[in-house]
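Visitor: Feature annotation from TrEMBL assigns compositional bias 'Polar residues' to 133-143. Among the features that TrEMBL reports, domain 'OCIA' is placed at 22-106. Feature annotation from TrEMBL assigns region 'Disordered' to 117-152.
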């Protein structure tokens, strides 16, 4: 052993839930390495190179200006970094799908079970709707006390703001352009006129 804990034991089964202390299985480690390599060569490098070429083209056409001292290097480095991370982010869904296809994988199982919860709006499966969509029996012009109570419960209250669109330039506001005239003598004493 080289002084580090080796967590890549074959046939290691993890019984604790997935969290900060989760140790991936050998199959998951292999898939992590595969995702990292594919993401780097097929997404990050091409997007970084493309963004650098586009940036250099924009600088050479004069659309972007180059730095007086460093030239185009700072903008090219920034474009490379943005392209690299855009490539990483663009591969996340693909890698998640690969993990979901793994059998006997706690991480794959967590991703599969988490997909249903993310596809529904928060609280959708636990709350009942407050409104009944069947309103055919009611008159379209009349309201009931129950409907008024629902409106009071669910609709937010909006208070008017002090400066609204109803005020125009001729509306008196009490704000004046008067600047107080203050005189200062050679000793630093001040007084109003």
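Any Cβ shown, glycine's included, is placed from N, Cα and C.
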Visitor: Looking only at the domain 'OCIA' (22-106), what is the mean pLDDT?
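Guide: 94, rounded to a whole number.
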Visitor: Would you mind splitting the domain 'OCIA' (22-106) into helix, strand and coil residue counts from DSSP?
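Guide: With helix first, then strand, then coil, the domain 'OCIA' (22-106) has 63 helix, 2 strand, 20 coil.
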